[in-house]
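Contents: one structure, followed by commentary.
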Amino acid sequence: MSSTPNKQAGYPRLVADIGGTNARFALETAPRVIEKAAVLPCKDYDTVTDAVRAYLNQSGATAVRHAAFAIANPILGDWVQMTNHHWAFSIETTRQTLGLDTLILLNDFTAQALAVTQTSSKDLMQVGGQKPVEFAPKAVIGPGTGLGVSGLVHSHAGWVALAGEGGHTSFPPFDDMEVLIWQYAKNKYGHVSAERFLSGAGLSLVYEALAAKQKAKPAKLMPSEITEKALSGASPLCRQTLDIFCAMLGTVASNLALTLGARGGVYLCGGIIPRVLEYFKTSPFRSRFENKGRFEAYLAAIPVYVVLSEFPGISGAAAALDNHLRNV
């Protein structure tokens with residue numbers, strides 16, 4: 001992150017969620033008021049600075065002094081080299097080039113975690129559990145392109161998001177079927193992380209492993225095709241795949257809830273679950289989530305929410321920027 005000593009946190013503020021394919025930009029024009037959202041293809045711009053300038057010109061924004069970018073990358077210092085796109089840049093040099101007083105960067109899933117604190121009840125669908133305990137830790141997990149994992153803990157300064165790489169922890173198979181699937185993945189990849197299964201590619205991997213177990217040679221299917229055939233009843237194998245995927249998610253989510261003591265709730269982000277909402281309510285997820293022996297009652301009380309807001313990375317970046325400006 002980079003700032004000059006400044007002291008008035010003015011609006012509008014520039015907020016962005018930058019992935020390998022698209023960069024989403026918006027202006028925060030007042031506290032929690034997000035306007036003029038736009039999506040720019042990353043491939044159309046040589047540098048992140050070019051993309052920012054194009055958005056600012058398009059939106060007609062003037063006098064922007066503060067900005068925050070959520071980005072699909074670990075943030076380990078001033079230099080950012082995107083892992084899934086060619087953009088590489090210095091945060092401080094970018095701040096100076098754009099004439100900003102403040103520019104902060106944060107991991108995209110850390111931003112999604114912070115967005116949970118800004119999300120209204122209409123953008124949450126509860127799946128089991130009771131009421132959240134106020135100010136208790138919250139767990140945030142998001143199967144999508146990869147598997148994002150974070151947590152939120154409350155401090156005197158507000159909610160703090162935990163930045164980590166929990167999606168790459170080792171996956172724990174629960175039953176004999178999952179052991180077979182895990183063995184298939186281990187033979188293929190060596191280390192089997194939670195993300196190997198709990199992602200778009202992971203859904204395809206579970207499908208592939210089940211087909212191999214049945215000595216079948218099914219057609220190659222995209223994750224969206226697997227879910228479509230599972231929900232329509234067109235493929236029992238796809239339905240079994242989706243059931244196992246949701247059960248696996250229940251295991252990993254409950255492990256995270258126990259680790260954090262997340263009596264403030266578990267929040268499911270990412271692009272996969274919102275596409276199968278009605279199915280998910282009665283999927284194996286919740287029963288697996290609670291299946292923890294002596295801690296079954298503890299987990300049964302924890303509410304799980306599916307986050308439905310469209311651009312959580314944007315609102316999370318705005319929350320991070322606000323926290324930063326309050327504390328400089």
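Here the Cβ of each residue, glycine as well, is placed from N, Cα and C on the backbone.
Record features (Swiss-Prot):
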| type | residues | note |
| --- | --- | --- |
| BINDING | Ala16, Asp17, Ile18, Gly19, Gly20, Thr21 | ATP binding site |
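In the three-state DSSP assignment, the secondary structure recorded for Gly20 (ATP binding site) is coil. Same-chain residues with CB within 8 A of the center of the Ala16, Asp17, Ile18, Gly19, Gly20, Thr21 CB atoms, the ATP site residues themselves not counted, are Asn22, Ala23, Arg24, Cys42, Ala70, Ile71, Ala72, His85, Asp108, Gly313.
Highest local Cβ density among the binding-site residues Ala16, Ile18 belongs to Ile18, counted as other Cβ atoms within 10 Å over all protein chains shown.
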